[in-house]
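Asker: Taken from TrEMBL, the feature domain 'Kringle' covers 5-87, 94-176. Annotation comment: TrEMBL describes 191-378 as domain 'Peptidase S1'.
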Amino acid sequence: DTEVKCYEGTGVTYRGTWSKTESGTECLNWNSNGLMDRVYSGQREDAAELGLGNHKYCRNPDEDSRPWCYIYKGGKYIWEHCSVPSCSKVGNIDCKSGRGRDYRGSHSVTSSGATCLRWNSRILVNKLYTAWRRDAYQLGLGSHNFCRNPDNDSKPWCHVLKGNQLTWEYCNVPTCSTCGLRQRRVHQYRIKGGSYADIAAHPWQAAIFVKYRRAPGEHFLCGGILISSCWVLSAAHCFEEGFSSNQLKIVLGRTSRATPEENEQKFQVKNYTVHQRFDSENFNNDIALLQLNSDAEDCATETDTVRAACLPTPELQLPDWTECEISGYGRNEEFSPFYSEHLKEGHVRLFPASRCTTQYLDNRTVTDNMLCAGDTRH
């Protein structure tokens, strides 16, 4: 059905005409010459069955988490997930995905509480983005005053009148929840006890850096997990030195610990809280929350390499031997002084209580606030 406006499930059967990625980039034709050597192109024998062909529409031929397409960016042919909405979210259309370029909801009030002007208001006759543009329909502009993002700004906005002055303001359109979604896996290189991983496989991974008062530069401190746009979860023991918030910086979207990436996102820390009952002897309550500093309502912008993890329900109890995935920039050996240069991942299983006594754990204590897990292959 080419008229469908959303995808069902993971979008394997999606045959609509959406052709924009989450970054707002136009998709390439699946028959493009630059894609001839790619696994998925319009030249495959089963292209028609997979929905590929002489078009540029988003598809999911490899059973990824959602539809995607190839784009040309930075002189390279790469792929990105598409911004086509999931049908499960269409009923709650008044939220935005990513920057909200494709937001078509009815939010019409700005962050300051001002009411938006209609996009066809005569006051806007000399403005660039109005309902009179040739591409107004494609940009979501028309005879309404709903917040839109026609210029791929950081979030939806609208024109307003402030004290008889024509200006514009951002809107606080809520972000659609897509926590826990990530890209299909790329080739990984195995290391002892795990594998090197790409940040797109763990887009919630954060790297926390510190500026020591008597040492130049920024130094890696600890890892963390993005749990919402403005909050990172980390470990209390990382902050025992009592750093001030302005000594800390958080980097999202980075695969190599010390190598900046083009699309990474950096934030200063507004404040952080260490659990008041943290015990440095047995590491009970080893948890800390860091609030990202941002002038906007939102902080981190959702992309393929930056995305929040889902938080479990408070009553969740996982059964013994459940396999869990871990990630971070930690040391390759327990007593090594050096952190890994590259993001790593590994898999462990939750041990039953009988395996989590001091007898088995070299006199280490496991409290009710901890998970007891290990690699069962050794």
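Just so it is clear, glycine is given a Cβ too, placed from its N, Cα and C backbone atoms.
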Asker: According to DSSP, how is the domain 'Kringle' (5-87) divided among helix, strand and coil residues?
Answerer: 8 helix, 19 strand, 56 coil
Asker: Across the domain 'Kringle' (94-176), what does the mean pLDDT come to, as a whole number?
Answerer: 91
Asker: Let's see if you can do this one: DSSP helix, strand and coil counts over the domain 'Kringle' (94-176), in that order.
Answerer: 7 helix, 19 strand, 57 coil
